[in-house]
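Student: Feature list, courtesy of TrEMBL:
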- 6-26: transmembrane segment (TRANSMEM)
- 46-63: transmembrane segment (TRANSMEM)
- 69-94: transmembrane segment (TRANSMEM)
- 106-125: transmembrane segment (TRANSMEM)
- 145-162: transmembrane segment (TRANSMEM)
- 174-198: transmembrane segment (TRANSMEM)
- 213-231: transmembrane segment (TRANSMEM)
- 238-262: transmembrane segment (TRANSMEM)
């Protein structure tokens, strides 16, 4: 008997987390090697582009993202998205053994707490409504509430890049990861639109003739390039065992906020379910704070 669609989605999502968690470590090692022989990425260098190990991490991340993308075809987002927390465990475990970035006992508790919060979110998450066309997604994307979110997101990103990065980028992890996460929330809604367009096109309903499809593709490309650039800077500057969980929490939180505003995921849910989801987020955030507070301090990189 073949696997059910949900089982396929579950397997793909777990494989995606394994690949993405591993990619953090490969890219970190590549960045360290590149920094030893050239200008570090954290201060604007791009010598890591010549480092094979960094490219191995990049390919691993792409494989993981593709597996995650396909997982959404077989299983609902409420099942796939929270499983991204598994990448935290993979990344932290590999960092402990391969990068000698030691995790304290309370740090392990923090990782487990992140997973527990994700499970609560899975249990109480709403059922996803899949739009039937790219034009329907465009209507959702141009509603006033989401346009306000986009304007606020882009304004904060510009402020982080122009004002905060030069002053605090090397000392505050939230600067780089804030840029990654904010742009990532826009990436997800764009990728979702592209996925629906591909699926409908394969079903015989051509969506490639609509300019909205190409607009979403352009937005996704810009956001992904921006994310990768600042994620490299974060990995080169801070402990990989901390970058992974903090990025997960910020990215997941902002992505769900964007999805709630655009797709109205909470409409039709009762107060109890919404409260449970919020408690799940608080649990995940608490786990991240515990992990961050008990981390082993990494010596500052040489200038």
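Note that Cβ sites are derived from N, Cα and C of the backbone, with glycine treated the same way.
Let's see these features in context: how buried, what's close, how far.
Tutor: Under 8 Å from some Cβ of the transmembrane segment (6-26) lie the Cβ atoms of residues 53-54, 56-58, 60-61, 63-65, 67-68, 70-76, 79-80, 83-91, 94-95, 98-99, 235, 240, 243-244, all in the same chain and six or more residues away from its ends.
Taking Cβ pairs closer than 8 Å, the transmembrane segment (46-63) reaches residues 19-20, 22-31, 33-35, 37-39, 232, 236 in its own chain, all 6 or more past its ends.
A Cβ distance under 8 Å defines the sequence-distant neighbours of the transmembrane segment (106-125), meaning residues of its chain 6+ beyond its ends; these are 78-79, 82-83, 85-86, 88-89, 92, 241, 245, 248-249, 273, 276-277, 279-295.
Only residues 6 or more beyond the boundaries of the transmembrane segment (174-198), in the same chain, are considered here, and those with a CB under 8 A from a CB of the stretch are 69, 72-73, 130-131, 133-134, 137-138, 141, 150, 153, 156-157, 160-161, 164-165, 168, 207-208, 210, 212-213, 216-217, 219-220, 223-224, 226-227, 230-231, 233-234, 237-238, 243, 246-247, 250-251, 253-255, 257-259, 262.
Within the same chain, residues 21, 24-25, 28, 77, 81-82, 84-85, 87-88, 91-92, 95-96, 99, 101, 103, 107, 110-111, 114, 140-141, 143, 145-146, 149, 173-174, 176-178, 180-182, 184-186, 188-189, 231, 281, 284-285, 287-288, 291-292, 295-296, 298 sit at least 6 positions outside the transmembrane segment (238-262) and bring their C-beta atoms closer than 8 Å to a C-beta of that stretch.
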